[in-house]
Amino acid sequence: MKKQTQLLSALALSVGLTLSASFQAVASIPGQVADQAPLPSLAPMLEKVLPAVVSVRVEGTASQGQKIPEEFKKFFGDDLPDQPAQPFEGLGSGVIINASKGYVLTNNHVINQAQKISIQLNDGREFDAKLIGSDDQSDIALLQIQNPSKLTQIAIADSDKLRVGDFAVAVGNPFGLGQTATSGIVSALGRSGLNLEGLENFIQTDASINRGNSGGALLNLNGELIGINTAILAPGGGSVGIGFAIPSNMARTLAQQLIDFGEIKRGLLGIKGTEMSADIAKAFNLDVQRGAFVSEVLPGSGSAKAGVKAGDIITSLNGKPLNSFAELRSRIATTEPGTKVKLGLLRNGKPLEVEVTLDTSTSSSASAEMITPALEGATLSDGQLKDGGKGIKIDEVVKGSPAAQAGLQKDDVIIGVNRDRVNSIAEMRKVLAAKPAIIALQIVRGNESIYLLMR
């Protein structure tokens, strides 16, 4: 036993000597590397940018359930009891885009229903903030820091110059942990079809984005803003490397409108259309898979005056190729009325270009699922009743869709939602922004006034 112990001790000593020798050899390496160029790092860029990315804290009260009118309870029973408004707190991120004015860009869903908004900088300072304006369709909101001092603003890049494979860095306040930076690449551009409410024309990235990152910055390696982090695809509730950001050009345009008008003024192209598909390409004998197929041109619209025709395929907008109808809709909806845009078309297989002046009319149209998924399959527009009253006209209902199953029919006119009178799509959006558990639509159909109920 004694010999064994000595042997183990000797082995230990031997190993110790060997490790020490190895350590001495390794220890000399840093001295050799010190004279070489420094390792690549994002630290210098982030040191300049982090002061411009802020944490957004909101407080407010929200109803936990929609009060059900007595006359409707017989249809739904008492399984949705009335709930009093409950206080809530929320966390998100934001980006300072104007230091002297204290303007901060964030997501609409971060500040929705907030009654108090506060901003915390990365140096620990806190400020109260007020809402300048917001837009639920694009999920953009503009805040203003009260009594700002010694702020840092972020430079904004041209997101139209992005390419798939460009490096990207996401900065925000995930889970309330504090400022966090993650890196990745631009995975895709013009991403749509995510079944989100509103406009979809996203930058996709694999830079990790989590809850609390909403409203934060997506940056290029120069530290310039290329997007506002907005959503993630998260089957399990956490990041799986598929995040989405609103392009900086779109965010900048919307922010300027909110500064100038306090709201978003949308241009109207005056067409109805759908995504280009292999079936459409085959039917028209075309070798094109991307773009927007024009199914109808509204009479008297800017497109009609410019000569756009049903059956045309819109392949580009202002010289930039279009991937989808969703991208076209998103880009037009963030352009002011009266703006002239150039459309690249394919007609009978031949390319041509037309210039369209976006309508300045206050009329509006929208796919109903952009307002609430319960109305998916219906196309809406601001309309008029026979007596001159205003409402929301049902232009089209897709057979078998949720809207059709709920009982909506073409030419119905919605005049009320949950006892609130609505005269326009904009007013309907505001009523449904609270996401009521029960939706009761008051509809004029011919000479009758009826109610349709849906969850």
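Just so it is clear, glycine is given a Cβ too, placed from its N, Cα and C backbone atoms.
Taken from Swiss-Prot, the feature active site, charge relay system covers HIS109, ASP139, SER214, and the record attributes it to experimental evidence. The domain 'PDZ 1' feature in Swiss-Prot is assigned to 258-349; the stated evidence is sequence analysis. Look at Swiss-Prot and you will find 355-447 tagged as domain 'PDZ 2', backed by sequence analysis. According to Swiss-Prot, the signal peptide annotation covers 1-27.
The Cβ of ASP139 (active site, charge relay system) has 26 neighbouring Cβ atoms from other residues within 10 Å, across all protein chains displayed. SER214 (active site, charge relay system) has a Cβ environment of 27 other Cβ atoms inside 10 Å. Under DSSP, HIS109 (active site, charge relay system) is assigned to a helix (H, G or I) in the three-state scheme. HIS109 (active site, charge relay system) is 6 Å away from ASP139 (active site, charge relay system) when you measure Cα to Cα.
Here the Cα atom of HIS109 (active site, charge relay system) is found 8 Å from that of SER214 (active site, charge relay system).
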